[in-house]
Amino acid sequence: MTDVQHPLATHYPVQIVVKDIELQSNAALLAETLSGVTPAAPFALVFIDGRLELQKLDEPKLSGIYVDLAEGAVAHRRKFGGGRGQSIAKAVGLKKGQNPTVVDGTAGLGRDAFVLASLGCTVWLCERHPVVHALLADGLRRARQDAEIGDWVAERMQLLPLGTKLAEISTLLKESIEVVYLDPMFPHKKKAALVKKEMRVFHSLVGPDLDADTLLPQALQLAQARVVVKRPSYAGFLNNSAPATQIATKNNRFDLYINQALSPAGSRT
């Protein structure tokens, strides 16, 4: 094992550390993609144990953050989460004979996109933060190698290139997008801010999506059927635009903006 550090862009206080020598080439590719100098960054993208994870170096007790679509909570949800009866499935419009093509415009760690793909949707993932994009790309790489889920992950989950904007997707893909799904980062209430380590790390590095309101008009232009916006239950409407309808859960809600109705086989009526 060796530690090889490649600093990233100055506006992202992150460095790359290699602790799994077999992933040295992956680290070199990532360093080329994310150039710049941050020699004493508080965050590190660490190649370790066959994966890429984000570590906050000034909080060593925190575990690393990485994308795992094959095991843990995500796998449990896939097997026992309620299938198409889940709120997210209803929000997107999944019914018998309906497997819409979805763009996840704020993909993050890919969990919601994975749920939709596991239920039959083709999902294009769009993530604009370079660090999160790198974590997601690595998680998808490993998921495609998994014996149980690899085939359909490779078929149904595609990560768009870093820097892709919602307004560019229809031209880039040259195919119909029925649904756009948005779950922008939202400033958490103070009493909830320390609940999840992932949110602590992500908010301290990425911060909230301060321009989230601009995503809704772009999404409405792209989606032929509907836009689904996931929001905390206490949050206001995105872009101050009231949805056509809502689906509420315990802590969140899905705001639905309808362009056209979905019909069987993903076609529009």
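Each residue, glycine too, has its Cβ placed from N, Cα and C.
The shown structure was predicted, so the numbers you read here are calculated from the model rather than taken from an experiment.
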Checklist line | Same-site residue for S-adenosyl-L-methionine (record: TrEMBL; known: R111, D112, E127, R128; options: D58, D68, D151, D183) | finding: D183
Next item on the list: Restricting to the same chain and to sequence separations of six or more, state which residues have a Cβ under 8 Å from that of R128 (S-adenosyl-L-methionine binding site).
Entry: L162, G163, T164, K165
